[in-house]
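The ATP binding site annotation in Swiss-Prot covers Gly30, Asp31, Asn32, Ala33, Gln34, Gly35, Lys36, Thr37.
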Amino acid sequence: MIVEELKLINYRNYEQMNLKFHPRLNVFIGDNAQGKTNLIESIYLCSAGKSFRTNHDQELINMNKKQAYIHVKVKKVHSDVHIEVRLNSERKKDLKVNQIPLVKMGELLGNLNVVLFSPEDLKLVKEGPSERRRFMDREISQISTKFYYTLSQYNKILQHRNKLLKYNKGKEIDIEVWDEQLAAAGAWLIVYRRNFIKKISILAKLMHRKITESIENLEVIYEPNVKVKENDEVDVIKEKILQNLKENFNVDKQRGLTTCGPHRDDMILKINGLDVKTYGSQGQQRTAVLSLKLAELELVKGEVGEYPILLLDDVMSELDSKRQHYLIHNLKSVQTFITTTMMETLKDLKPEDRAVFYVNKGQID
């Protein structure tokens, strides 16, 4: 999978921009606040349908403009894909794939797979479970639209149940209808997440051993809020969720929200048996996240048959020279986009192996 071309009109600080990319490595270099990350963001937007920096589309439109437009041409193994995103300050965004309008956001997923690594990803090990759930859900959604729609359904049912608990002080019999639906969707979420962690944990462990030269052992552990066994089938999991909901009803009613279920799941990272969040050094935390990101590349390749695009936003300065070298020289099969303020770490790459774009105030040389 390769992003061949990118076109921007009135996107962030770019009034009009047309770029063609190198099939392996593309480097956006320039001082801070010049627009490097905006380029990475626009590619990500064409993959996920939303920014990784803001939930407000208005912020993506050039100041004093009403619309913005993004177009990417993606070369895949069996076909070319054209993705268009039109942002409007007065209505929701319009999405097209090969000139066909998309009705649902989920229809965009899988047309352009990306793995993003930015300084914000350290939240995976530094902050609470919501960051780790977001990681799991984002990556699974790229390879399974069924999971994406099940997650959307679960969240809608959860909102209804919480409203009943909070505003109407619903009786248990009123809640039971929602419990059945919530448990059915939730059971599938647990199955998908469990399978995902099983696969990515093996890959992340291998990546981590390569990076640390087998000195450290990384474990990625799925920790569902509802306690299930490794071999529990979806029907068994559903019954366990229902039982939890019933047992927690009085607590839920008192708090006005649902206190158990997949929306409270977590993912634990351990190095040599110790929780990285609590006991890991800054370097170990970075390496654990890097290993996860590299594992994502292999997981997507295994699921869809080709590597996703790797987006590295201002992370080279976060890694030591050994990890920088490993990252740059072990991704020859993956098209990579890097934003950086200096070329020092990339100087030993041959000119024919990369393209360099100098970014200055929304202009590119």
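Cβ from N, Cα, C; glycine included.
Using the Cβ center of Gly30, Asp31, Asn32, Ala33, Gln34, Gly35, Lys36, Thr37 for ATP, the list of other same-chain residues with Cβ within 8 Å runs, in sequence order, Thr339, Thr341, Val359. It is Gly35 that, of the binding-site residues Gly30, Gly35, has its Cβ surrounded by the most other Cβ atoms within 10 Å. Other C-beta atoms found within 10 angstroms of the C-beta of Gln34 (ATP binding site) number 20, with every protein chain shown included. Taking Cβ-Cβ distances under 8 Å and a sequence gap of 6 or more within the same chain, the neighbours of Asp31 (ATP binding site) are Thr341, Asn360.
Each of the binding-site residues Asn32, Lys36 was scored by the number of other CB atoms within 10 A of its CB, and the lowest score belongs to Asn32.
For Ala33 (ATP binding site), the Cβ neighbour count at a 10 Å cut-off comes to 9, with all displayed protein chains included. The local packing around Thr37 (ATP binding site), expressed as other Cβ atoms within 10 Å of its Cβ over all shown chains, amounts to 21.
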